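Enquirer: Pulled these from Swiss-Prot:
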- Lys278: active site, proton acceptor (ACT_SITE)
- Gly16, Ser17, Gly18, Asn19, Trp20, Gly21, Phe48, Phe119, Ala175, Arg344, Gln373: NAD(+) binding site (BINDING)
- Lys142, Arg344, Asn345: substrate binding site (BINDING)
- 199-210: compositional bias 'Polar residues' (COMPBIAS)
- 190-217: region 'Disordered' (REGION)
Amino acid sequence: MASLGADKKHKVTVVGSGNWGSTICKIVAENTKANPDLFEEAVHMWVFEEDVVIDKSSPYYDPAVGDAPQKLTGVINKYHENTKYLPGIKLPDNIIANPSLQDAVKDSTILVFNLPHQFIGNVCKQLRGHIMPFARGISCIKGVNVSDDGISLFSEWIGDGLGIYCGALSGANIASEIAAEKWSETTIAYDPPPMDNSRAPTPRSNSPANGNGIAPLTPVEMQHKDARGRTSKTKLTPVPAEYPPLDHQIFKQLFHRPYFHVRMVSDVAGVSLGGALKNIVALAAGFVDGRGWGDNAKAAIMRVGLLEMVNFGKEFFGQTVHTGTFTEESAGVADLITSCSGGRNFRCAKMAVAEGLSVEEIEKRELNGQLLQGTSTAKEVNSFLKARGLEKDYPLFTAVHGILEGRHSVDDIPSLVSDS
């Protein structure tokens, strides 16, 4: 595809190398190789360096090395496989595992973030002043941060922390299935900043940047809006015209594969909220399934849960959130279905009810020190709603928190959500 006269290519870096980070890097590297007119072929993947030992049963076992620890980056670059976090999956040979965060992002114009959310602040601190000022980001980090003070999107944490614009990727995306190239879909939310050269209008403003024979934008139209539709405090640097436009078309070319279908939207808040709130609903689905109430009850939970997800987005993000993001996209209803069918929030809640234990007890027993996202999100959302006197407007979210706290039982759910 033509790059509209651009004479420079985009360099891509993936920040993070867990199972999902490595999977996304595999996808991106396949597409940079397939689109040499748009992207530099080499994709750097930042790896938090650690020592690994290659097991004797591995095809990569070297008797000369034996059980001696090896650097994970060295293993990835030599064998083109992340033997620790994505074993058995061959990675493209144009992926370069890099233990230096600042070196990995050098000269990159597209940054893909895929790491645990608790590391965002530290990573942004290390990157500040070391990235291209006009770089653009995509956050693959599911969820949002909810406190009594408000709701913040991880994409905005990144964008504000680095002074760039950052979109979000989320959906019914189980990393191991995608890495094995089993067909799935995802949603990418990206609302191209109005000062960037774009081949299509930004859906919210309907005002494409000039450069395509369109009248120049006014200073007001040129202002970048945040996910709530307010003028952003972050002052963006436009992407230079010598690069291919960073818009829906190019991000689809970067992420879309025959086995990984991408739908583009502009609703960053809706996509981000879907990835967080569905975990609360998944707990409720696990509760009723553990009680043995069957598929009808679980379907009722998903209906009420989806309604509350939409209402929450509309109430706290206003005009920027679209109902269709929740009802039509992978980041909404599809991710909800997956999470309510076999996700770990669902499984742990189901086991807790079936065995007469608390979710916390199951969590400690089953997750090897990891924590459920649903329990923390339920607590944060309840505190947020309670501070605003809105608990009754979200009966399912409130019921889940009540069950986790021991104030309600699963048997109370039908009466608690009866008016939904």
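Here, residue 1 is simply the first one shown, and the rest follow in order.
Even glycines carry a Cβ here, placed using N, Cα and C.
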Enquirer: Using all protein chains shown, find which of the recorded positions Lys142, Lys278, Arg344 scores highest when you count other CB atoms within 10 A of its CB.
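Expert: The largest 10 Å Cβ neighbour count belongs to Lys278.
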Enquirer: Between Asn345, Gln373, which of the binding-site residues has its C-beta surrounded by the fewest other C-beta atoms within 10 Å?
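Expert: Selected from the binding-site residues Asn345, Gln373 on minimum Cβ neighbours within 10 Å: Gln373.
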Enquirer: In whole Å, how far is Asn345 (substrate binding site) from Gly18 (NAD(+) binding site) when you measure between their Cα atoms?
Expert: 20
Enquirer: Hey, what's the widest CA-to-CA gap across Lys142, Arg344, Asn345, the substrate contacts in the record, in Å?
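Expert: Maximum Cα-Cα distance: 15 Å.
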Enquirer: Hey, which of the binding-site residues Trp20, Phe48 is the loneliest by Cβ count within 10 Å?
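Expert: Looking at the binding-site residues Trp20, Phe48, the Cβ with the fewest others within 10 Å is that of Phe48.
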Enquirer: Which of these binding-site residues has the least crowded Cβ, counting other Cβ atoms within 10 Å: Gly16, Gly18?
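Expert: Per-residue Cβ counts within 10 Å for the binding-site residues Gly16, Gly18 bottom out at Gly18.
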Enquirer: Whole-number Å only: compute the distance from the Cα of Arg344 (substrate binding site) to the Cα of Ala175 (NAD(+) binding site).
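Expert: Computed Cα spacing between Arg344 (substrate binding site) and Ala175 (NAD(+) binding site) is 14 Å.
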